[in-house]
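K.L.:
Annotations for this protein, taken from TrEMBL, read as follows:
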type	residues	note
TRANSMEM	28-46	transmembrane segment
TRANSMEM	103-121	transmembrane segment
TRANSMEM	184-204	transmembrane segment
DOMAIN	268-340	domain 'J'
REGION	330-353	region 'Disordered'
COMPBIAS	330-341	compositional bias 'Basic residues'
COMPBIAS	344-353	compositional bias 'Basic and acidic residues'
Amino acid sequence: MANLVVAYVLWFFGGAWGLHHFYLGRDRHAFIWWSTWAGCFGLGWVRDLWRLPEYVYAANKDPGYLKDLNEKAKRYPTPPFNVVRFAGEVTVDDFVELFIGRILSIIVPPLAVAIGVHLVGNVSPEKVSFQWALLGAYISFPMLTIDSGNNLVYSSILSAIAVNWKGKSWNRDYLEKRGLCKRIFVLTFCGLIYLSLWSSAIYFNATITTKEGDEVPLREAINNFFTSPAWADTKESFRNLYKYYQEHGWENLYNKIVDSLDPLGETKAYKDLGLDENASEEEIKKSYKKLVKQWHPDKHMKETNPDKKAEAQKRFIEIQEAYETLSSIKLKRARRNKKSRSASQDRRDHTEL
């Protein structure tokens with residue numbers, strides 16, 4: 001039995017991904033919410049706030065809900081026109097067309113439109129005919145050969161009109177229980193297809209603008225990256241980590257990775273002061289005093305080049321922060337070591353007694 005409180009909790013924390021719909025067995029609804037950013041940029045998510053009780057009644061096969069649904073089906077042989085559902089069909093098919101249609105030119109976009117309309121139209125308790133969605137989408141095909149960009153809007157509207165005119169009916173089987181594994185598999189499969197379409201659309205259509213203003217296609221930029229020195233350095237780093245794992249094991253590898261990430265900023269601090277990590281406290285103070293004098297802003301007041309002046313200011317701040325970082329780290333370690341030695345001494349005294 002579905003619980004309304006649980007449904008609202010899932011709606012609040014995972015509504016953007018359709019978790020509340022998946023919980024209630026409304027998988028198609030969940031996929032639409034996930035693939036269109038919380039139901040068309042959050043509009044559907046907000047609407048669910050007052051629609052959730054009805055969805056819970058449907059999931060639980062509440063006798064009152066079933067009675068109202070049967071009376072409605074008798075009163076209307078086909079589901080009545082719904083403005084929200086119609087708007088959803090037009091909007092979602094644009095999402096699907098955006099990724100499929102951009103890749104496969106003119107012939108396929110109407111098919112993408114039909115898929116989007118069919119997806120929304122089959123949200124329970126209604127179902128629509130894919131043939132009518134496809135027919136409505138392809139009516140505008142002659143216009144697509146002239147201006148595919150703008151006329152796809154007409155294709156979306158005509159497809160939605162076709163299924164609302166002749167292609168929809170009541171879904172008598174949507175309350176039947178389906179296996180959880182099958183539901184997860186279908187949703188995962190559809191999600192992977194959708195993500196692949198996103199990836200393809202971005203890969204083939206996106207561009208990167210350099211600081212000089214040059215536009216580079218993303219696919220070329222990716223290919224260039226895999227032949228760049230940065231990627232060669234990255235591969236070498238992974239090779240070194242793998243060798244380290246072979247010699248020292250997982251636990252030491254984890255510590256190695258954490259150290260390489262420099263969470264305390266210690267490695268950077270030593271580098272800013274021009275020292276190695278084995279430098280003594282006296283060497284740290286000596287280097288700090290020398291660099292502070294060299295990069296002090298007062299020493300560069302008469303500098304005419306603004307870039308050099310800004311560099312001096314930046315270096316001075318970096319040196320100050322580096323010294324403060326190392327001083328703080330060494331102070332904490334000294335306290336920790338003192339505390340550890342004190343605890344060891346107490347244990348020895350207790351043993352002697």
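Cβ atoms are placed via backbone N, Cα and C, with glycine included.
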K.L.:
Check the domain 'J' (268-340) for me and report the mean pLDDT.
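P.N.:
Over the domain 'J' (268-340), the predicted model scores a mean pLDDT of 87.
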K.L.:
Other than its close neighbours in sequence, what residues sit by the transmembrane segment (28-46), given a CB gap under 8 Å and a spacing of at least six beyond its ends?
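P.N.:
Residues 11, 15-19, 21-22, 88, 91-92, 95, 119-120, 122-124, 187, 190-191, 194.
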K.L.:
List the helix, strand and coil residue totals of the domain 'J' (268-340) as derived from DSSP.
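P.N.:
For the domain 'J' (268-340), the helix, strand and coil counts are 59 helix, 0 strand, 14 coil.
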